[in-house]
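According to Swiss-Prot, the features are:
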type	residues	note
SIGNAL	1-23	signal peptide
DOMAIN	27-90	domain 'IGFBP N-terminal'
DISULFID	31-54	disulfide bond
DISULFID	35-56	disulfide bond
DISULFID	40-57	disulfide bond
DISULFID	45-60	disulfide bond
DISULFID	68-82	disulfide bond
DISULFID	76-87	disulfide bond
DOMAIN	76-134	domain 'Kazal-like'
DISULFID	89-107	disulfide bond
DISULFID	96-132	disulfide bond
REGION	181-347	region 'Serine protease'
ACT_SITE	197	active site, charge relay system
ACT_SITE	233	active site, charge relay system
ACT_SITE	311	active site, charge relay system
DOMAIN	365-450	domain 'PDZ'
């Protein structure tokens, strides 16, 4: 009986305490009908920012260990979640930061990164899951910040191959080495680009020639020549791998600037994956300046060392894109590469040749892509040279060619073909190959002229 009498009194006390607890927590203010961001506070938040309850202003997020879940509590910050009324990190494993320190979890690293941003402007990023290895250097040191060449090599090396050309002696059955060089993989199925002189020989000895390709991982394959252009010194060969291969992508050599860093990689003296670095001396060195009388190509000149065996290997920019094929060394510090835009043209021409009755066309000009450095050079020689930012500079018109007969002159600037603006020479070359007639818009001095040119078919 006595217990029953005490029960109503106990319930009354509990109800009173609940009311007092609710009274201590101020009621949430109603959200305004219109959000006025000018009235939002500008707090400094070590835990980051989150939208407020009305989704109007940014307020400080609750940090790890702070209460959450109640009507007036701020949402938990980035990578945190509300667990039993307290903000906890979603991940519990330790991580290694780029500052060389081990953090208890991802959230602790992110908090340190926000503090570092406020102090030095350099964030701390996650390097790996788990503790930092012993003896790890500060990853913000110059060795780690400026080792960009190592990053490029790590990216491109698996797609660079060593190529050897042998002659199978008909009597003794021995392989007689004829040449060796490098190449790079262009397709996962085994298409490789190299120099024509690496995979062909002028040897008059009798016997069957064989091509052997060795990958970075040591796998070796017999290769066959798919397409070859000895004048341009470009060739493609094919292997049949057992699995997909790493590949390199072609960059845009017309965008190269003098002074730009480049990396050359190849197999000089059969020493695979030998790396040299340098800068672009000029992106358009006329082949005739190198004593190549029949050349219609502008080469990339670099001081990256290219030796015997480097031929056919890639010259890449710091993005790991192929911007040339290592081809020729004149002297120490003076080497040359075939531009990637010419490789693209070669691949396109031979693809067309395989899919249709293909005929080569030409209009008879030697040309250079307009670049700021070229305009500066031409203005120095001729102050009246027009101020142009893009187009094709006609360096020379071949006598009795379609261009000469159509009225094109040395020094003209071709700005459009069939109404399309020209950004580089490859676009004009593509139009010559694929279109039966060309309407060229030309800038000559201060005059804009139109010329109709019919490309000539070369059998």
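Using N, Cα and C of the backbone, Cβ positions are placed for all residues, glycine too.
Mapped onto this structure are the features recorded in Swiss-Prot.
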residue	record	Cβ neighbours (10 Å)
35	disulfide bond	14
40	disulfide bond	13
45	disulfide bond	15
57	disulfide bond	17
60	disulfide bond	18
76	disulfide bond	26
82	disulfide bond	17
96	disulfide bond	20
132	disulfide bond	19
311	active site, charge relay system	27
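Residue 87 (disulfide bond) and residue 57 (disulfide bond) are 21 Å apart (CA-CA, integer value). Annotation for residue 68 (disulfide bond): spatial neighbours 62, 74, 75, 76, 82, 85, 86, 87, criterion Cβ-Cβ under 8 Å with sequence separation of six or more. Least crowded of the disulfide-bonded residues (31, 87, 89, 107), judged by neighbouring Cβ atoms within 10 Å of its own Cβ: 31. Taking the Cα of residue 107 (disulfide bond) as the reference point, the closest of the active-site residues 197, 233, 311 is 311. Note on residue 54 (disulfide bond): other Cβ atoms within 10 Å of its Cβ, all shown chains, come to 12. Neighbours of residue 56 (disulfide bond), defined as other CB atoms within 10 A of its CB across all chains, total 16. When the alpha carbons of residue 35 (disulfide bond) and residue 96 (disulfide bond) are compared, the span between them is 42 angstrom. Here the C-alpha separation of residue 45 (disulfide bond) and residue 56 (disulfide bond) works out to 17 Å.
Separation of the C-alpha atoms of residue 60 (disulfide bond) and residue 311 (active site, charge relay system): 60 Å, rounded to the nearest whole number. Of the listed active-site residues, namely 197, 233, the sparsest CB environment within 10 A is found at 197. DSSP states for the domain 'IGFBP N-terminal' (27-90), grouped as helix (H, G, I), strand (E, B) and coil, give 3 helix, 17 strand, 44 coil.
Cα to Cα, residue 89 (disulfide bond) and residue 311 (active site, charge relay system) are separated by 54 Å. Measuring Cα to Cα from residue 233 (active site, charge relay system), none of the disulfide-bonded residues 31, 40, 54, 56, 96, 132 fall within 10 Å. Within the domain 'PDZ' (365-450), the DSSP-based counts of helix, strand and coil residues read 25 helix, 29 strand, 32 coil. Within 10 Å of residue 56 (disulfide bond), as judged by C-alpha distances, the recorded positions found are 31, 40; the full candidate list was 31, 40, 96, 132, 311.
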